[in-house]
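Summarising the annotation, TrEMBL assigns domain 'Heme-copper oxidase subunit III family profile' to 1-221. Feature annotation from TrEMBL assigns transmembrane segment to 49-71, 83-104, 116-136, 156-180, 200-227.
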């Protein structure tokens, strides 16, 4: 439960930081005179707002799944499967994919279309490799006798990684669409928003994976204990 609560607090903090940057907490009705519609709120693209709402819903979904995981693991019959070694490499892959989208976003801002395409293609390749690595982890566990229906711990492992994998698959589809649009675009800066939104989605998935990896590896309690000591 503590891991899920910490995840929710982290999401709330990130949402608050993002909203403060968009001036959504301002009170224009208190201003004297005519309020001009030139602020960041007026310029907020509907797609960015929609993505923010979607990511909030996905974050809640993962938080509920982690809450169920934390409550179930307290029972005496809990027996977690071993951590597949390939998950370490997969973690590096998704972080590199996120970095590739940061690179692509910067290149788009500077009208460097070819480099931006390289960043998007690299992110796609790394993301696809991450997804393939997750399937290899499943295969390794199944071959070692840790099958989906054997016990609750196995089921949760497959469920959490599978749920995350579905969203990774959606991110790969989005990458293909954005890359195709940039390829046919005459002005790279016109694709600034789609590349930015794609990057935000992948950064979110990378963050979710780091939390899932910590929970699956059994480190969530240790991380929270260190945080409490630092804050006390």
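FYI, residue positions are counted from 1 along the chain as it appears here.
Positions of Cβ are set from backbone N, Cα and C atoms, glycine also.
Just going by CB pairs under 8 A, the stretch in 49-71, 116-136, 156-180 that sits most against the transmembrane segment (83-104) is 116-136. Summarised as a single figure, the pLDDT of the domain 'Heme-copper oxidase subunit III family profile' (1-221) averages 85.
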